[in-house]
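Listed in TrEMBL:
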type	residues	note
DOMAIN	17-187	domain 'FAD-binding PCMH-type'
ACT_SITE	R164	active site
ACT_SITE	S233	active site, proton donor
ACT_SITE	E329	active site
Amino acid sequence: MNIQTQIQLKPFNTLSLDAIASHYIKVQSQQELVDALNYAKQQQLNVLILSGGSNMLLPEHIHALVLHMDIQGIEFVSEDEHSKTIRVGAGQIWHDFVLWTTENRLYGLQNLALIPGLVGASPVQNIGAYGVEAGEFIESVQVYDRQLEKFNLIVAADCDFSYRHSIFKDDPNRFVITHVTFKLLKHANLMLNYGDLKQAVGDEKTAENLQKQVIQIRQSKLPDPKEYPNVGSFFKNPIISEQLYDHLALAFPNLPHYPQAKGGVKIAAGWLIDQSGWKGKQLGMVGMFHKQALVLVNYDQATLADVKATYHVVQHDVQQKFNILLEPEPVLFDEAGLIRSHLE
Ligand code: EPU
């Protein structure tokens with residue numbers, strides 16, 4: 001087992017925060033995972049699971065064993081008349097997997113092209129874009145259950161998928177995802193309910209063109225983390241009550257809003273931030289991106305403290321103007337490698 005010490009995690013988190021991990025190991029198999037977890041137990045170290053690092057906020061020093069998930073592989077499992085089932089290692093790059101599905105004429109995930117991160121993270125916050133969520137195509141998730149100390153297969157119905165949510169988000173220290181099994185369609189059923197995308201796809205209604213247009217839309221609005229370190233949308237789109245929406249709509253009739261099937265109204269956080277004067281604005285080294293105000297960017301060598309200073313002011317300004325408290329989307333870690341609430 002190759003445990004390394006004092007490892008810089010800056011290249012492994014897309015916000016490019018300086019973060020030194022006291023202990024670090026790359027995990028490439030289920031056996032390596034079990035060995036690493038046993039080592040952490042013996043050494044009384046907390047465990048921090050690192051995937052693509054595209055949704056995490058890390059402090060400058062972390063005293064914990066960082067498990068960098070790198071289990072590879074795409075295997076065919078079964079098929080029926082309409083679909084094929086594919087099992088994918090948690091360490092596969094999400095976007096490359098989406099491209100692979102399209103090349104292999106397997107459909108459903110095209111709207112999710114170019115989302116940063118790895119396959120193993122896709123069920124955690126049930127990644128979603130342009131009217132599709134990963135959970136719709138996940139059949140099951142293979143995990144190591146740290147509570148029961150064994151591998152387990154969790155079927156999608158038990159994952160409790162909803163907007164940016166799953167059981168893996170509720171109970172982050174319990175499960176380590178090793179594989180995700182997807183059930184993909186043999187015949188494309190294009191999801192074009194997102195206005196800009198429908199227009200961009202035009203008359204060429206193929207999954208290949210849909211994927212191409214999603215990539216173009218994302219590239220036109222969202223910063224490339226290599227150029228502008230970021231974690232995608234920094235805040236969730238808040239779901240507010242119908243009463244609060246009706247009240248706000250009187251003052252802000254253009255407020256982008258999406259009534260939810262289960263009640264409440266989803267509001268575009270990017271619009272709220274934009275209207276609060278934060279689009280393209282910086283506080284120190286951290287600011288909100290000039291083409292999409294929902295994306296926070298590390299413009300220089302910011303630390304977690306700098307990131308917090310900026311986003312607290314953004315939250316404050318939005319709350320003052322709209323009476324809505326924005327909830328950050330990325331996961332916040334403390335120096336012991338544990339997940340912390342943004343509200344503390
Ligand atoms: N808007 C503004 N100003 C801005 C940004 C947005 O006025 O600076 C307005 C837009 O004009 C539009 C509305 O807000 O009317 C929504 O904007 P957009 O379509 O860009 O989507 P979003 O709600 O900001 C969400 C997801 C994205 C996903 C897109 C497309 C969340 C938190 N974000 O963004 O996901 O790609 O929809 O489906 O749900 C991510 O999670 O990292 C992510 C990028």
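Just so you know, glycine gets a Cβ as well, placed from its N, Cα and C.
All chains included, 19 other C-beta atoms sit within 10 angstroms of the C-beta of E329 (active site). DSSP assigns R164 (active site) to coil in the three-state reduction, placing it in neither a helix nor a strand.
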